Amino acid sequence: MAYALPLHQHGKSKVRLGRVWRDGNVHHMVEWNVNTMLESDMEHSFVKGENTGMTATDTQKNTVYVVAQRMSQKCTVEQYAIALAQHFVLTYPLVSKAKVYIEQKPWNRVQMGGLPHDHGYALAGAEVRTVYVTYDKAGKLDVTAGLKELSLLKTTQSGYEGFLRDEYTVLPEVNDRIMASTVTCTWKYTNQPACYDAAFAAAKSALLDAFLGPPKGGVYSPSVQYTLYNMAKNLLDRVPQAESVFLNMPNLHFIPVNPVGSKFNNDVYVATSEPHGNIEAVVTRRGMIPHAKL
């Protein structure tokens with residue numbers, strides 16, 4: 001019987017990295033969880049058990065720290081991921097493509113008495129910034145930025161009506177409910193922005209603005225689907241370098257409660273995390289290829 005090995009790769013996962021840049025008394029700090037994966041001409045390792053020319057996963061782990069130290073100037077997670085991916089491809093002859101995925105822990109500089117602390121940081125919630133970079137022998141670079149675990153909620157200006165009803169449907173129609181989600185979003189750049197931090201800030205702001213609406217009055221959402229689509233459109237409008245947006249938005253339910261001896265008055269709910277609805281989509285500029293599969 002004949003066999004084939006059409007796809008293979010190897011890498012290192014969950015390499016935790018802290019990097020500090022000292023600018024006099026002011027220190028800049030990031031914490032990254034780094035994952036590497038290499039496509040390479042290593043069929044002989046799988047088929048014959050020969051490891052000649054292989055970039056060991058331990059070598060990949062060590063390289064994570066070496067490249068971090070070489071980034072002598074404060075850099076974004078995207079800039080570091082690009083440098084790491086390019087290092088693997090340009091250094092090792094058998095490597096044809098490097099893939100780097102990184103999650104950034106949300107350490108933010110502490111403000112004390114209205115002043116930024118020189119070297120003090122605190123975690124700012126659960127939101128995680130992400131990046132996925134690929135680089136190959138032909139010099140093709142792809143950068144997909146993103147975030148996950150962005151928890152959003154609004155107490156009104158949301159409803160759900162007009163859906164199909166049959167013998168299995170008991171959900172009441174409502175035009176005033178709590179809307180909550182933990183958002184995962186990625187966006188692929190066609191061209192690289194001049195500043196990745198600024199592009200990320202613009203993308204996040206676009207998502208928040210479309211979900212919540214103006215500070216006074218907000219904006220009505222007839223469904224998570226409608227809001228998701230408008231969040232993606234808003235991101236594409238504000239980040240011109242982005243070509244494709246993926247969004248996953250679980251619909252986290254707050255169920256109205258009639259307290260004992262009383263009734264529900266838009267005030268008391270059972271907070272739930274599961275089961276929950278799950279809505280996702282990819283929105284692109286017209287003619288562009290989606291960067292993610294559902």
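Here, residue 1 is simply the first one shown, and the rest follow in order.
In case you wondered, yes, glycine gets a Cβ from its N, Cα and C as well.
Taken from TrEMBL, the feature active site, charge relay system covers LYS12 (among others).
Here THR57 (active site, charge relay system) comes close to HIS10, GLY11, LYS12: these same-chain residues lie at least six apart in sequence, with C-beta atoms under 8 angstroms from its C-beta. The active site, charge relay system annotation in TrEMBL covers THR57 (among others).
A 10 Å cutoff on Cβ-Cβ distances gives HIS253 (active site, charge relay system) a total of 18 other Cβ atoms nearby, all chains included. The feature active site, charge relay system is assigned by TrEMBL to HIS253 (among others).
The urate binding site annotation in TrEMBL covers THR57, ASP58, ARG177, VAL224, GLN225, ASN251.
Summarising the annotation, TrEMBL assigns O2 binding site to THR57, ASN251. Close to ASN251 (urate binding site) in the fold, though at least 6 residues off in sequence, lie MET179, ALA180, SER181, VAL224, HIS276, GLY277, ASN278, ILE279, each with a CB less than 8 Å from its CB.
Annotation comment: TrEMBL describes THR57, VAL224, GLN225, ASN251 as 5-hydroxyisourate binding site.
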Residue from ASP58, ARG177, GLN225 whose C-alpha is spatially nearest that of HIS253 (active site, charge relay system), among the binding-site residues: ARG177
Cβ neighbour count within 10 Å of VAL224 (urate binding site): 23
